[in-house]
Amino acid sequence: MEGGVHKADASAFRQCISLAWENPYVLRLAFSAGIGGLLFGYDTGVISGALLYIRDDFKAVDRQTVLQESIVSMAIAGAIIGAAVGGWLSDRFGRRLTILLADFLFLAGSVFMATAPNPAALIVGRVFVGLGVGMASMTCPLYISETSPANIRGALVSTNGFLITGGQFLSYLINLAFTKAPGTWRWMLGIAGVPALLQFTLMLLLPESPRWLYRKGRVDEAKSIIEKIYKPEEVEGEIMALRESVEKEVIEKEATKSVKLTELVKTKAIRRGLTAGVGLQIFQQFIGINTVMYYSPTIVQLAGFASNETALLLSLVTAGLNAFGSIASIYFTDRSGRKKLLIFSLSGVIVSLAVLSAVFNETTAHSPTVSLVESKGFGGLMCEDYASASASASWDCTRCLKMQSCGFCSSPSNKLLPGACLISNTTAGDICRADGRQWYTRGCPSKNGWLALLGLALYIIFFSPGMGTVPWVVNSEIYPLRYRGICGGIAATSNWICNLIVSQSFLSLTQSIGTGWTFFIFGVVSVFGLLFVIIYVPETKGMPIEDIEKMLEKRAIQIKFWGNKGSSDPSNKA
């Protein structure tokens, strides 16, 4: 019941629907725990929009990209710790208690963020929320898996994944809803406390996982819960299967204790499996997906859309496409094969990043110039850095915005004509807009902004069904059972750490080398990722674990990714 990827098909989802009438108790268990997935998705999505308004309220955040990156990435740092601690807590104290603790941390973090008087308090709130995210990501799918009938377990566990992407989409809608409300970002971040409180209340009324209870020797309690989940004629068979499973797990845990790290390096199949599994997780992050998820509205503004509301509205498209892609992956992963889907996905990502790099570099090269006459027209609001520059005649919008204290006010007749370089503050922005102009503090006016949006949309369309899900599928299949826990943990930790590195460095990169060159770097990494997949990642579709191990023993290079459909002969598949 524990670990791995539970694959769901159409019949399993139909059984879920019929179960709503036959035994709603099971769905109540699954969807109550699934709120953790919703919170996970909401937290990863909401900060992208809230950051636009946090910059407006805290000038230190607006002028220091490292503070913006810290506000985003400290939740990820907390999630790394939460995931590590959450696994131990759920085994020691139970799945239910761990979910309750995660909800408390969500709620505490939401209150901290909503009432934060300064950036430091906001970062503390983000760490609390991150701890809750990490615990929920480990424990909620486990609870759903252990309280679901076997025939629909895959479909119910899949709902957790749907709720994660659904939470991301919901966060963009919530962001849009509060753009005109007093406090804006405080509402955006604080509203996460509502589903956390709801789940906390529901989980108080729900039982512990029967598997955990049985493992702890509380057999009668486990049996009473199983009787509510299964039909009467299935109860004894399930209890017997549970006993056998727990006994097998104890044996496997004892065997795992004797595993030495040197074995992972010396054993050929494990070493090659780790190379493929960890490599996929690293490339998943280093091709830039979470820069899009965490900074999507900021990227839209860098493309030349000045309004916060417009940036949020357009970013909603990326969240919707990501949700659609996660659903599409269920169909394609088992039909097309893992490796083919990865190659298709990365090829599209490379094209998309090339488009984004070209568009942003074009925008920088043809940035509107700064007019001294236009700037003087605003009197004392002219930016001091521009006024004191010896070569101010050569300034354009890009140069103006590189000065942290400056903003660009476009020409009233045409945003691509010369504009004014002014002090970056609320007064200058309001006066600029009152004159029928547009006020830019992130990106410059561009006629190619819609091409950047197209590049972002293509990126998500290609990434989500392939590189978004397949790395997790491959990691669930590629390791022998005895090593699956430790190898899967290494791969997941690699993913979180790379996520932290990318989210903490993206804005600094765009500021130092430009947005176009930043996406160019992601594109180069994607090319290396494609070569890595072609050479080192095996096709595991339809193969028993034993055959995968034999294949890894036989080949270090896995270039071949075709074979006879349905064949389990490792000589036919690589």
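Using N, Cα and C of the backbone, Cβ positions are placed for all residues, glycine too.
Note that the coordinates shown come from a computational prediction; the quantities given were computed from them, not determined experimentally.
According to TrEMBL, the feature transmembrane segment maps to 29-51, 71-90, 97-117, 123-144, 156-178, 184-206, 274-296, 311-332, 341-360, 450-474, 486-507, 519-537. Summarising the annotation, TrEMBL assigns domain 'Major facilitator superfamily (MFS) profile' to 29-541.
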Does the transmembrane segment (71-90) reach the transmembrane segment (341-360), going by 3 or more CB pairs under 8 Å (6 or more apart in sequence)?
no
The domain 'Major facilitator superfamily (MFS) profile' (29-541): mean pLDDT?
86
Give me the stretch from 123-144, 311-332, 519-537 with the greatest number of Cβ pairs under 8 Å to the transmembrane segment (274-296).
519-537
Considering only Cβ pairs within less than 8 angstroms, which of the stretches 123-144, 156-178, 184-206, 341-360, 486-507 has the most against the transmembrane segment (311-332)?
156-178
Return yes if the transmembrane segment (519-537) and the transmembrane segment (341-360) have at least 3 CB pairs under 8 Å (sequence gap of 6 or more), otherwise no.
yes
Here the stretch out of 156-178, 184-206, 341-360 with the most C-beta pairs under 8 Å to the transmembrane segment (97-117) is 184-206
Between 29-51, 156-178, 184-206, 341-360, 486-507, who has the most Cβ pairs under 8 Å to the transmembrane segment (450-474)?
341-360
Hey, would you say the transmembrane segment (29-51) packs against the transmembrane segment (184-206), going by three or more CB pairs under 8 A that are 6+ residues apart?
yes
Looking only at residues six or more beyond either end of the transmembrane segment (184-206), which have a C-beta under 8 A from one in the stretch?
28-29, 32-33, 35-36, 38-39, 42-43, 46-47, 49-54, 57, 96, 99-100, 103-104, 106-107, 109-111, 113-116, 125, 129, 132, 171, 174-175, 178
Same-chain Cβ contacts of the transmembrane segment (486-507) under 8 Å, 6 or more residues past its ends?
3, 65, 68-70, 72-73, 76-77, 79-80, 83-84, 256, 259, 264, 270, 273-274, 277-278, 280-282, 284-286, 288, 290-291, 294-295, 298, 471, 475-476, 479, 518
